[in-house]
Amino acid sequence: MSRKKEQQLRKYGTLVVLFIFQVQIFGFDVDNRPTTDVCSTHTILPGPKGDDGEKGDRGEVGKQGKVGPKGPKGNKGTVGDVGDQGMLGKIGPIGGKGDKGAKGISGVSGKKGKAGTVCDCGRYRRVVGQLNINVARLNTSIKFVKNVIAGIRETDEKFYYIVKEEKNYREALMHCRDRGGTLAMPKDEVTNALLADYISSSGLFRAFIGLNDMEKEGQFVYADSSPLQNYSNWKDGEPHDSTGHEDCVEMLSTGEWNDSECQVTIYFICEFLKKRK
């Protein structure tokens, strides 16, 4: 056998031995399947843990999982954009009356009118003047009647009415006469008590009555010029004319009489006769 062939045989023998040795160490057969130990008298231990391999490719998407539990309430989001205008709703009820508006701007002046005819207005002015006087009297009478309706007192023969307008004695006397009456004249105790209660219940303290001594000091006469005779109800110490000008008489809410200055302005009581049927 040549030397060259010996070397080849030795080489192949060495390779076979190494192969068998590897099989014993790793315990795998040619098909990479586990095999039984070559020698039952030897225990083959696992080798050390190898290094981590390279990261594999991304796998396919898995199946959808089950619905999880409801999460906590999130924060309030930002206000969205204004939506489209909705459909027109039903007409609502009529609202209350509004406040009066501000005064508007003055309009444009109108065209100048045509000249009027010449008028003899003198007689018309007189008629208009008299009408104004009559209207003023009528308004005064209407006002008086309205006040009378509000409350009066009466006896079998007369009506009595407190006029709540402050006037002096002469003005009060004329006011009553212009309306067909006169200032009240309490000539007996019953009438005096009626007028006193009238003054008191009206919330007043005093009022003029139709009694005075303007003609002669100390001699009192009624508004109809009849003298003071059988009945009087002077307050203690009255009349005393303390100022020298107390020539008219007022009745107090107590029913007592007091002489007073005629120029003071106070409420007064008118007296009217009842019409006989």
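One is the number of the first residue shown, and numbering goes on along the chain from there.
Cβ from N, Cα, C; glycine included.
Given the structure is predicted, the values throughout are model-derived calculations rather than measurements.
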Swiss-Prot annotation, N-linked glycosylation site - which of ASN230, ASN258:
ASN258
The disulfide recorded in Swiss-Prot for CYS176 goes to which of CYS39, CYS270?
CYS270
Same chain, 6+ residues apart, C-beta under 8 Å of the C-beta of ASN258 (N-linked glycosylation site), given in sequence order:
ARG206, TRP234, LYS235, GLU238, PRO239, VAL249, GLU250, MET251, LEU252
Taking the Cβ of CYS176 (disulfide bond) as reference, which residues of that chain separated by at least 6 in sequence fall under 8 Å from it?
VAL163, THR182, LEU183, GLY210, PHE268, CYS270, GLU271
CB neighbours of CYS248 (disulfide bond) within 10 A?
26
When a 10 Å sphere is centred on the Cβ of CYS270 (disulfide bond), how many other Cβ atoms does it contain?
25
